Amino acid sequence: METVAAIKTLIQQLAQSTDQFGRAEINDALRELQYSLETPFDTVMRMSLDTCQVAVARIGSDLGLFKHLSQCASPQSAEELADHLGCGRELMSRLLRYMASVRMVQQTDDIKYISSNITQTLAVPGLEAGMRHAFENLWPVLMALPDFLAERKYPDIVDAKDTAFQKAFNTDQDCFHWLATQPTRIANFKVLLTDERTPNFLSTFPLEKELGSWSAEPEKALFVDIGGGMGHACIRLREKYPNQPGRVILQDLPPVLQAAQATLPLSGIESMPHNFHTPQPVQGAKFYFLRLILRDFPDHQALEILQNIVPAMDAESRIVIDDGVPPEKGARWAETGTDICIMSALGSKERTQRQWEELAAKAGLQLQALYQYTWPVVNAAMVFSLQ
């Protein structure tokens, strides 16, 4: 199989010589090739057994395997790992054998184990929390989705209190209110929110251009981060533009702001308790910023959030929506998969540019600019003004 080895080497060389967009294209091509070469049996086995990955990853996370193995200086045997982590030796051997088959770990020629890129990924707290959140909070919802839809004769899901989430967890509350009563389930979600991803909207957002002739008076707000969580956007803005005048305000619920105080700088960023389901108190700010907020709500609730901001705007104000913008055609699996998940749990959706513009128009807003900052999965800062 020298030809296969040569092709593999060529692909690795191509991946090393290109950017993230090129690597994504290579991944897509390889995935499409894999699917096209599968036998019917291969296809069914893949669909049936892919579910093992998150379950086994969760077990590895519970054991602390990924953190431990990523710190080991030499290959470890299954017995050594089992004894160190408090696991049955045969169980550890079987777990590692599966993990090696999907590259969660790497198996050496002498049947020992070292970390892989996936091991390193699952050792990062924010990314590990994302996997655990998916297992604990999303998997049960997706398992309930087929029966939920069949029982209702396959309607559109547009109500946050009438989704597969309620069926999965036997509750009449929406996802966020129910999770707030479940400290063990929401813990990983909170850690996930602290993960600071790069690149971010400031990678391509032309602040000076968007400021135009706007001039900051002492009490005038430059940037209001609505539902801004731990304040990452505010911090990044102040770090990149330390001399830019104007107030930078982080808004969220009081418990969130209390948690954020540990990471916020001592000066330059104000904390303001605010629920975005109520009218916006800061008048005439230049930028009202919403990052990954509206995707969590069905259209009617997302519209209400925008309508709570519009009365506070003046002619120079802009609402900046930082969110996913999947294409109408050729959306990638990560975008379409996210869409199915948030539909099932929240009654919401990933919106195309057309859908964002239609939603904003109902609130009296119009799109002025769109600045994409991730490829090929599209995340972008969309700038809206009053009509």
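Placed from the backbone N, Cα and C atoms, the Cβ positions cover glycine too.
What Swiss-Prot annotates here:
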type	residues	note
BINDING	F135, E136, N137, L138, W139, P140, V141, L142, M143, A144, L145, P146, D147, F148	substrate binding site
REGION	175-195	region 'Substrate binding'
BINDING	G227, G228, D252, N275, F276, R291	S-adenosyl-L-methionine binding site
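Recorded features from Swiss-Prot, shown on the structure.
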| residue | record | DSSP (3 states) |
| --- | --- | --- |
| F135 | substrate binding site | helix |
| M143 | substrate binding site | helix |
| G227 | S-adenosyl-L-methionine binding site | coil |
| D252 | S-adenosyl-L-methionine binding site | strand |
| N275 | S-adenosyl-L-methionine binding site | coil |
| R291 | S-adenosyl-L-methionine binding site | strand |
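Among the binding-site residues listed here, namely F135, N137, W139, V141, L145, N137 has its C-alpha nearest to that of N275 (S-adenosyl-L-methionine binding site).
When the alpha carbons of M143 (substrate binding site) and F276 (S-adenosyl-L-methionine binding site) are compared, the span between them is 32 angstrom. Between the binding-site residues D147, D252, D252 has the most other Cβ atoms inside 10 Å of its own Cβ, all protein chains included. Every protein chain considered, the tally of other Cβ atoms within 10 Å of the Cβ of R291 (S-adenosyl-L-methionine binding site) stands at 21. The S-adenosyl-L-methionine-binding residues named in the record, G227, G228, D252, N275, F276, R291, extend over a maximum Cα to Cα distance of 15 Å. Counting only same-chain residues at least 6 apart in sequence, those with a Cβ under 8 Å from the Cβ of G228 (S-adenosyl-L-methionine binding site) are C234, L250, Q251, D252, F289, R291. DSSP labels the residues of the region 'Substrate binding' (175-195) in these numbers: 17 helix, 0 strand, 4 coil.
For the binding-site residues shown (N137, N275), fewest C-beta neighbours within 10 angstroms: N275. Distance between Cα atoms for G227 (S-adenosyl-L-methionine binding site) and F135 (substrate binding site): 25 Å, as a whole number. Straight-line distance linking the Cα atoms of V141 (substrate binding site) and F276 (S-adenosyl-L-methionine binding site), rounded to a whole number, equals 26 Å. Around W139 (substrate binding site), the C-beta neighbours below 8 angstroms that are at least 6 residues distant in the chain are V54. Between the two most distant C-alpha atoms of the annotated substrate binders (F135, E136, N137, L138, W139, P140, V141, L142, M143, A144, L145, P146, D147, F148) there are 19 Å. In this structure the C-alpha atoms belonging to F276 (S-adenosyl-L-methionine binding site) and L145 (substrate binding site) are separated by 29 Å.
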